[in-house]
Every structure is written in structure tokens, then in C-alpha cells.
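Enquirer: Let me give you the structure first, and then I'll get to my questions.
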């Protein structure tokens with residue numbers, strides 16, 4: 001399967017290492033880089049994580065914007081300027097930079113949330129709050145999926 005699915009909570013050790021779920025690593029196994037690209041989410045207080053191929057798609061989308069626009073500059077700065085390449089160690093762990101941990105409020109535990117082409121890393125209690133709000137929105141907007149093609 002080529003999508004990130006499910007939710008997992010893993011511990012973060014004193015060296016800021018956290019194990020990426022095995023099925024997420026399997027999806028990323030098709031990438032040229034043995035690791036992930038992580039950057040602060042521009043939507044939520046979490047970390048967005050993907051492979052090199054998705055970063056390339058984001059680059060292509062951003063390049064369609066006017067090169068001198070405020071929006072393009074903001075997206076380039078927040079996604080590419082803040083992104084870090086994180087390699088897997090022999091045990092499938094990555095080291096989360098302090099700046100990303102602070103952005104997401106992560107300390108001792110990290111909640112991995114599959115979002116299809118990307119996954120997010122949350123502070124577990126913050127994700128539970130978000131999940132409650134997302135459930136309400138999904139329920140209210142459920143009919144919009146019927147028209148999606």
C-alpha cells in the first residue's frame with residue numbers, strides 16, 4: 001500500500017529519538033532517501049512528514065504561483081526553509097529537532113497520524129482535541145465526498 005494509514009503513539013527518548021511506525025517506513029521504502037522530510041505544519045500545531053517525492057510535488061505547486069508574490073514567499077519559507085531531512089537509524093528511528101518538537105508541543109510521546117500522502121506527528125493530547133473537532137467537521141461535511149471524483 002502506498003498511503004499512510006492509522007494512528008500510533010510512540011515514546012520519545014532523552015535524545016529526541018522516536019520510532020517511525022513500520023508500515024510508514026514501508027511506504028517510504030520506495031523513496032530515494034532513507035528517511036523523511038519534516039517541517040512545521042502551516043495548518044496545525046504538529047509536524048508534517050513526507051518523502052522526497054511529495055516535497056517535489058509541493059515544489060511544483062508552489063512554482064505555479066507568481067515568483068514575487070507574498071504567498072509564494074511564505075510557502076517557500078515555511079515549507080522549504082523550515083524543512084529538515086531526517087535519516088532513519090538502524091532501528092527505524094529519527095531524531096526530532098528541538099524546533100519541531102517545540103512547534104508541536106512534543107515531549108515524551110509522539111502521536112503519528114496517517115493522512116494519505118503525508119503523515120503528521122502530534123503531541124497526543126493535542127491530537128485528541130483536534131480529532132474531536134475534525135469528527136464534527138467530517139460529520140457536517142460528509143456529503144461533499146459524494147461529489148468528489
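Placed from the backbone N, Cα and C atoms, the Cβ positions cover glycine too.
So Swiss-Prot says this about it:
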DOMAIN    7-54  domain 'SpoVT-AbrB 1'
DOMAIN    83-126  domain 'SpoVT-AbrB 2'
Enquirer: Using DSSP, what is the helix/strand/coil residue split across the domain 'SpoVT-AbrB 1' (7-54)?
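Expert: Breakdown, helix to coil: 10 helix, 19 strand, 19 coil.
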Enquirer: As a quick check of your reading of DSSP, tell me how many residues in the domain 'SpoVT-AbrB 2' (83-126) are helical, how many are strand and how many are coil.
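Expert: Counting residues by DSSP class gives 10 helix, 18 strand, 16 coil.
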